[in-house]
Amino acid sequence: MTDDKKKGKFIVFEGLDRSGKSTQSKLLVEYLKNNNVEVKHLYFPNRETGIGQIISKYLKMENSMSNETIHLLFSANRWEHMNEIKSLLLKGIWVVCDRYAYSGVAYSSGALNLNKTWCMNPDQGLIKPDVVFYLNVPPNYAQNRSDYGEEIYEKVETQKKIYETYKHFAHEDYWINIDATRKIEDIHNDIVKEVTKIKVEPEEFNFLWS
């Protein structure tokens, strides 16, 4: 990477199911585009790939497999997009991502009772985000929505376990806790304030789990 090339920023949204990640990530992408920032919006799992289609059937409870197998598939789904993400960032394009490796650890360790260190190992070496916005809502926040429960992890007791596991990342300096029980506009405004603090300057990549 040349010194005069500004690397794009990598922003991740994390949180429980139905915490507002899709809404807030879309709003941020719109904001960046309106401010002449070239940006790519990604989602994990990406259900369009071969691996992603298997994951999608699992989440919809249309197939079953061992806990270890599904965890490794989630990780593989992230790895198959690493070249794309790296290429975008090197071109100066920002990447906004709905879920990332932190979901893998929180869900597999919290919901499936897999060892936390074991869960982290497959994602070691993935590109580290510049900032993670954790949309913090209570585990029972979305239980009254009409479509709640359609996917395998959408149970309040399961969400409670995942919620506790997410706390392992709260000490990271790039992890920003956002109260997501408020109005959509207020949440978005807080996120924009944090994004404007991100320095855009030449730098090398950092990787998980450094």
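Every residue number used here counts from 1 along the chain in the order it is shown.
Glycine too: its Cβ is placed from the backbone N, Cα and C atoms.
Lifted from Swiss-Prot, the feature list:
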type	residues	note
BINDING	Asp17, Arg47, Phe74, Arg78, Arg99, Tyr107	dTMP binding site
BINDING	Asp17, Phe74, Arg78, Arg99, Tyr107, Ser108, Tyr153	dGMP binding site
BINDING	Arg18, Ser19, Gly20, Lys21, Ser22, Thr23, Arg182	ATP binding site
REGION	143-155	region 'LID'
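Overlay of Swiss-Prot annotations on the structure.
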residue: Asp17; record: dTMP binding site; Cβ contacts under 8 Å, 6 or more apart: Ala142, Glu151, Tyr153, Glu154, Gln159
residue: Arg18; record: ATP binding site; Cβ contacts under 8 Å, 6 or more apart: Val137, Tyr141, Ala142, Arg145, Tyr148, Glu154
residue: Ser19; record: ATP binding site; Cβ contacts under 8 Å, 6 or more apart: Leu135, Asn136, Val137, Tyr141, Ala142, Ala180
residue: Lys21; record: ATP binding site; Cβ contacts under 8 Å, 6 or more apart: Phe13, Glu14, Gly15, Asp98, Arg99, Leu135
residue: Arg47; record: dTMP binding site; Cβ contacts under 8 Å, 6 or more apart: Gln53, Ile55, Ser56
residue: Arg78; record: dTMP binding site; Cβ contacts under 8 Å, 6 or more apart: Phe44, Tyr100, Ala101, Gly104, Asp123, Leu126
residue: Tyr107; record: dTMP binding site; Cβ contacts under 8 Å, 6 or more apart: Phe74, Tyr153, Ile162, Thr165
residue: Ser108; record: dGMP binding site; Cβ contacts under 8 Å, 6 or more apart: Asn67, Ile70, His71, Phe74, Leu114, Cys119
residue: Arg182; record: ATP binding site; Cβ contacts under 8 Å, 6 or more apart: none
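Among the binding-site residues Ser22, Thr23, the residue whose Cβ has the fewest other Cβ atoms within 10 Å is Ser22. In the three-state DSSP classification, Arg18 (ATP binding site) falls within coil. Candidate binding-site residues: Phe74, Tyr153. Fewest other C-beta atoms within 10 angstroms, Tyr153. Cβ neighbour count for Arg99 (dTMP binding site): 23 (other Cβ atoms within 10 Å of its Cβ, all protein chains included). A helical conformation is recorded for Ser108 (dGMP binding site) in the three-state DSSP classification.
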